[in-house]
Amino acid sequence: MLGFTWFCPVPRISPCLRRYAPHMRRESRVVVHENAKYEKVLSNYESLDYDTVEDEVTYLEELKLGPSIAVKVAIERFIVIIIVGILSGICGSLLEVSVKQIIKAKILFLKEQFRSYQGLHFLHQAVLFMFWYSSCLVPALLATLVVLYWEPAATGGGTPAIIGYLNGVSVPRIVKLKVLFVKMCSVFLILTAGFAVGKEGPLIHAGVILGGSTPMMHIPFTDISIFRSLRNDRERRDMASAGIASGLTAAFSTPIGGVIMAIEEGLTYCTVHLTYRILFCALVTAITGFIIAASFVRGCIGCVDIDPLRFLAIEEKFIRFDIGEIPLFILIGALGGILGSIWNCLEMQMTHIRLKFIKTRYVKLLDTAILATLTCTLSFLFIKFMKNCRKPSGEGEPEHLLQLHCPKGQYATAGLFFFQSAEEVMEVLLNIEGFFGIIPLLSFTCYYFILSAISMGGCYSAGIFVPNLILGGAWGRFFGEFIVYMFPSTKGWCHPQKFAFLGAGAQLCGTTRICFSLGILMFESSGSLDFGLPIFVTLITTKFVADVLTHPIYHAECLMKGIPLLDKSPPAFVSWIPLKDIMSRDVEVLPKITTVDKVLEILQRNNHNGFPIVEPKLQSTEMGIKSQGLLLGLILRSKLTAILKHQLYKLSPVEDTVWKLLRKESGISTKLSDVQVPEEDGNMLINLALFMNKSPMFVHMGTSLTTGYNIMSTLAVRHLVIVNSSLEVVGILTRKDISVYKTVTTLCTVETRRVSLV
């Protein structure tokens with residue numbers, strides 16, 4: 001079984017991680033879990049073929065078509081990028097507009113009920129609560145039902161699976177169009193229910209799905225592929241990378257922040273040209289979103305006003321600062337790191353409970369019903385018992401105010417938190433004049449902290465950006481108002497809105513650690529370059545404090561799911577480990593010329609995905625390791641399956657049919673059971689030299705783990721062949737062999753641990 005190391009070096013925090021799996025032990029400063037179930041989880045993941053294959057068939061295709069191939073690929077990329085950008089913008093805009101309209105109608109109805117039943121006896125209060133409760137429970141259950149019975153892969157935000165996919169892991173159903181439709185339906189319903197969740201995770205996943213599935217498009221009712229040149233894993237990965245940027249842009253209207261996030265959090269393999277394509281896709285999404293949203297908000301297609309569409313928009317008068325405030329910014333950052341880490345622990349604890357106890361459909365529905373009950377009950381009690389009132393200040397006030405128990409000319413502070421959409425709550429925290437009061441802000445912070453953490457991981461589509469931004473905005477505003485309350489002389493320069501803005505960024509950074517892209521996102525939202533110093537002082541402090549305490553939430557979820565990620569840099573202090581000590585010696589090899597029956601036998605005997613092609617007559621023994629023949633090349637399981645499926649061994653490689661059929665099979669997973677080979681073909685010969693990769697990556701068995709890790713991580717190599725001094729195959733290395741090495745970093749030490757297979 002493959003265990004994983006948790007980076008939780010502080011003793012008072014790490015015990016909460018011991019309950020993530022039934023069998024966890026503490027070793028020095030490392031928490032390791034060993035659970036036999038995780039071996040089965042890991043076996044569900046295979047690698048993607050991101051490395052370039054150079055075979056005879058591809059060479060003949062390029063020789064025949066010439067430079068037109070490059071032109072065709074460039075044109076297809078351009079078209080796909082535009083399609084992904086436009087569709088992502090449409091998804092984001094329609095989701096935002098539809099959710100706002102439904103929530104607006106829902107809130108107007110509930111406000112009318114509160115006005116009608118306010119102050120009456122218990123029976124009327126019970127009727128009022130039932131209105132409140134049903135408006136949350138019904139859409140929440142529908143959001144769960146569409147996921148449970150239509151597409152379970154649409155659960156959650158999808159970001160951990162996206163990280164694994166871009167890292168080179170084949171995550172099941174990650175880019176299926178059905179997942180996209182279910183995600184949009186589920187997140188729409190759960191947002192209208194009023195849960196403490198966000199939309200950005202599903203929108204980012206929607207962008208990735210559009211990027212990964214658009215190259216697979218074909219003309220309806222035909223077998224004709226539109227983008228045949230982009231069907232391979234490498235091109236689909238690049239388009240999915242652009243989908244990350246377009247998804248975040250669709251959520252927050254910040255294209256530059258979307259590009260930086262794609263590079264910082266998603267991309268393991270990046271080039272300058274790919275960055276340009278990602279930026280172009282994000283800009284197309286932004287333009288599409290602005291036009292569609294403006295047509296609904298302002299009633300005309302050409303009236304594009306960007307500020308109302310930004311989630312973190314704040315007025316410039318609130319973000320003026322003095323250099324003497326830097327210690328306060330550092331303190332905000334430290335609080336964000338601590339609270340973000342605690343939030344991660346609580347969320348992961350709830351995820352573990354759900355994985356352990358909540359397994360059947362009915363129990364998952366019950367889980368959603370309990371969350372809806374808890375959300376409605378706490379919010380209803382908050383509204384009924386929070387007696388704080390405030391006078392309208394005239395600027396930044398919401399459109400519809402709720403008086404409740406307040407005297408004439410005032411409105412209830414609680415109404416600002418519960419009778420608006422998430423975007424409007426954030427706008428109030430960042431831009432409303434005056435003071436909320438310390439007690440309402442502290443109460444709302446505690447309420448939202450608990451609800452947002454336990455709501456994540458339910459069986460519906462949801463993201464964590466928006467709830468953490470609102471949570472950080474609440475405690476950040478509390479921080480600012482508390483300073484003014486304790487030191488009235490600071491009222492002239494201590495704007496609570498400023499600290500709400502920084503608190504929002506600090507909370508989200510403490511949870512996700514996406515420091516750089518979040519800073520750019522806040523830059524774009526604020527529209528002020530002068531506020532860059534406070535933003536990055538806060539975020540860097542947050543990241544430093546949070547990294548000492550816990551994992552980033554996305555990486556923690558990847559570890560819990562057993563996704564074998566490769567870091568961008570190798571583990572520390574492993575240069576003394578030779579690859580011969582960790583390689584897999586159970587290598588299945590094939591001769592250059594073999595029979596159909598032999599290929600079928602090997603494919604049926606194991607589930608390996610790469611087979612070295614060797615000259616079996618040349619074998620030797622070196623350092624006690626016997627070789628299996630001189631390395632000639634490497635062929636993938638998918639290509640062998642395609643050869644058998646289309647009986648390519650009967651065709652000449654110079655025929656156009658050969659490479660056209662191989663192109664057609666690219667990106668398609670064909671099961672061996674679906675391949676029908678005539679019995680009389682069993683003794684026919686296959687010349688694998690025509691189909692094998694003639695330039696596979698290989699290293700000597702004495703090469704260090706550091707070098708091998710760098711090659712596989714930076715070059716996106718799926719199979720690294722290990723040879724002896726005579727270039728004879730002695731083993732093979734895959735990501736499952738090296739992903740078990742993890743680095744543990746604390747304030748004073750750096751350690752690398754190997755978590756063994758048991």
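Placed from the backbone N, Cα and C atoms, the Cβ positions cover glycine too.
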When TrEMBL marks a stretch as transmembrane segment, which of 242-263, 572-593, 682-703 is it?
242-263
Are there residues at least 6 beyond the ends of the transmembrane segment (318-342) whose Cβ is under 8 Å from a Cβ of it, and what are they?
13, 430-431, 449, 468, 471-472, 475-476, 479, 483, 493, 495, 497-499, 501-503, 505-511, 526, 528, 530-531, 533-534, 537-546, 548-550
Distal contacts, the transmembrane segment (148-167) - CB-CB under 8 A, six or more residues away:
45, 48, 173-176, 178-179, 181-183, 186, 198, 200-202, 204-205, 208, 212, 237, 240-241, 244, 265-268, 361, 364-365, 456-457, 459-464, 554-555, 557-558, 561, 563, 565-566
Recorded stretch, among 242-263, 362-383, 428-450, maximising Cβ pairs under 8 Å relative to the transmembrane segment (120-142):
362-383
Hey, which of 242-263, 275-297, 362-383, 428-450 has the most Cβ-Cβ pairs under 8 Å against the transmembrane segment (78-99)?
275-297
When you scan the chain for residues with a C-beta under 8 Å from the transmembrane segment (362-383), skipping those not six or more beyond its ends, what do you find?
114, 129, 132-133, 136-137, 140-141, 143-145, 148, 193-196, 354, 404, 412, 414-415, 417-418, 443-444, 447, 451, 454-455, 458-460
Give the nonlocal contacts of the transmembrane segment (428-450) in its own chain as ranges (CB under 8 Å, at least six residues past its ends).
196, 312-315, 318, 339, 343, 346, 378-379, 382, 386, 388, 390-391, 393-398, 413-414, 416-417, 420, 467, 470-471, 473-478, 481-482, 484-485, 496-497, 500-501, 504
